[in-house]
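*Asks:* Sharing the record's features from TrEMBL:
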COMPBIAS  1-13  compositional bias 'Gly residues'
COMPBIAS  27-37  compositional bias 'Acidic residues'
DOMAIN    102-241  domain 'VWFA'
DOMAIN    377-423  domain 'RING-type'
REGION    1-43  region 'Disordered'
ZN_FING   322-339  zinc finger
């Protein structure tokens, strides 16, 4: 057993002796007790919690001295615009992306996940953000599949099989939130690589680590395992919650993934959601394949059959009938366990193409008094003029020149994936 620590490829962390650890805790307690304000008053424990956040610095006053409500709308929109411009740059370069992804999310539940530098703990923040990520992932990748793996006590355990149901993944995760022991990066890679080698050749194999520990305690040579993942064409990415670790950075560089370290909870969620859109496909991995797919229909209400997924008796209205072997399946998309046919619905297939033909980013503009047009949002018809006669900063489609508010801008690019102004011009020209 050996560990790999921060900034180096070998060595590790030696556990401090009991006496030295006790002295360190006493020194930390003394430092906390001596923390004072500017006027010399010692801060209470509950005051120190708020002093770290310094949330009062975001407050602003109006002309009459009253507190002005905090407007986070522009901040949220600026973060969204930054993500949009990054995605549009990739789309302009015609980068090939994988539509059918097989992703394993590896969650570190070692004792490091119980640290409370994230409120209330790293484990709680990871679980909350992982739930939002799973829903967003399936919304943007309707043909893809996700599985969950946890690391605890130096052992990796597959929490769920890889599948296309967000609810089953989330329910399984929320029922297994316990932290203990050390983390083992090698054991997780060995487990995930074995499962991903069984997927079809047209699928894009990915692993996303949500890593809390500062070391990894492995039973063998992790460099051999990384080389094995590289040969298997598994793309590994890591989001760290503590500090940068050499072995995680080396893993991502070798397999073509990305390595980032979160600063706080909001930054962690932002980094996590960046993995929801399909990443650029690596050239030698992106082989084109024709895939046979079936479009099943719902069974008749009076039909009673055994579900091939859970081996339970269900009525026809509760499932779908495979067009090839007539077997009942519970959810879509999935792979028929009897004949192996990929089963999808037509909306799933249509929604998966918006990454190939995204809506162009809108231009930020400001309406000037006396200018014709642009006074109302073309989407929601709300006025773009403030009560004081000044215009809000809004956006304009570069193709149809219609104006939209920030909320409609986010909705068009994140959910609708079509510009209403351009679509209305197409329908009027027919």
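Backbone N, Cα and C atoms are what each Cβ position is placed from, and that goes for glycine too.
From a predicted model like this one, the values you see are computed outputs, not experimental measurements.
Each of these features: where is it, how hidden is it, and who are its neighbours?
*Replies:* Mean pLDDT of the predicted structure over the domain 'VWFA' (102-241): 93.
According to DSSP, the secondary structure content of the domain 'RING-type' (377-423) in residues is 15 helix, 9 strand, 23 coil.
Across the zinc finger (322-339), DSSP assigns 0 helix, 4 strand, 14 coil.
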